[in-house]
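S.K.: The structure that follows is given in the form of structure tokens.
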Amino acid sequence: MVWFCNSADCQFSVFALTTIGWILSSTSTGLVEWRIWYMKDTSLYPPGIACVGIFRVCIYRHRTNSTTTKFCYRYSYQDTFLPFEISMAQRFLLTASIFGFFGRAFNMFALRNMSMRMFEEDTYNSFVVSGILNIAAGVFNLTAVLQNYDAVINSQGITFLPSLQMPFKPDVQEVGTAIQVAGIGVLPMLLTGMFSLFYKCPPYGQVHPGISEM
């Protein structure tokens, strides 16, 4: 792996994959379909479908056979009912987006130097920093995905506000598309982070300063 991706074309491909992973991960943060709840009609709660996201929940109520109403509630810092996996995912996903953004910035700086054949220590360090940031972003995203996936598989409930008219646990709970999008985005972030982390300057880049002195 040390020598596998030292060419400019390969590193540009790594940057493209990193961008795709970052876009997918950042997009999943704003999606509401992390956990899908199917609720049947009871004496306490009306029937409907709820999409439980990381930053908000959207509830779809079937009023008649042809009418469906939608209501979304955005979480606030005062909400104490949020479970551990959602509270941590809020921090993890935001941190991952920031790390991924700066990881791409360092990668662009390194690619600029590489395209200008400036194989210096700054280029190497920029690739390394980019790799560390992308790997960290991937780990944060992966942790958020696994925690919420585990919550769905184990049918964990949420004590929502009474005004939302939602039960502690739904009749059926499924993994939403947002978890899948975030999971797909994790792989390129981790792989490209490893490629950048193990980048090595070409041998001729090491003798270039001596030639310029002559």
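Note that Cβ sites are derived from N, Cα and C of the backbone, with glycine treated the same way.
Where the annotation comes from TrEMBL, it is an automatic prediction and has not been curated.
Remember, predicted model here, so these are calculated numbers, not experimental data.
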S.K.: With TrEMBL as the source, identify the stretch among 12-32, 33-53 annotated transmembrane segment.
M.R.: 12-32
S.K.: So what's near the transmembrane segment (82-103) in sequence-distant terms, Cβ-Cβ under 8 Å and 6+ beyond its ends?
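M.R.: Answer is 18, 21-22, 25-26, 28-29, 52, 54-55, 75, 129-134, 136-138, 140-141, 143-144, 147-148, 150-151, 156, 158, 182, 189, 193.
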